[in-house]
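**Student:** Input: one structure, supplied below.
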Amino acid sequence: MMKLMLFSIIVILFSLIGSIHGADVPGNYPLDSSDDTYLCAPLGENPSCIQICRKHGVKYGYCYAFQCWCEYFGR
């Protein structure tokens, strides 16, 4: 019985840890007027990507795989 209780506590703790970290933030690559993605460098937080994302109505974005990625952006 004690093993079952310990196992249950461990499962609950791991599920809480998973919910704290959560899933990846949804988003999308914004497209320009030619339906192309915006290219960028350097990778990571990038001022030009943040500016592009704001132009598309999103507060934050960054450079991922040399293309601007906007968090919480849906086409």
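Quick reminder: no glycine exception, Cβ is built from N, Cα and C everywhere.
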**Student:** For Cys40, what is the disulfide-bonded cysteine listed in Swiss-Prot, choosing from Cys53, Cys63?
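**Tutor:** Record-based pairing for Cys40: Cys63.
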**Student:** State the mean pLDDT for the domain 'LCN-type CS-alpha/beta' (25-75).
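**Tutor:** In the predicted model, the domain 'LCN-type CS-alpha/beta' (25-75) has a mean pLDDT of 95.
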**Student:** Once near-sequence residues are set aside, which residues in the chain of Cys40 (disulfide bond), 6 or more away, have Cβ atoms under 8 Å from its Cβ?
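**Tutor:** Non-local contacts for Cys40 (disulfide bond): Asn46, Ser48, Cys49, Cys63, Phe66, Gln67, Cys68.
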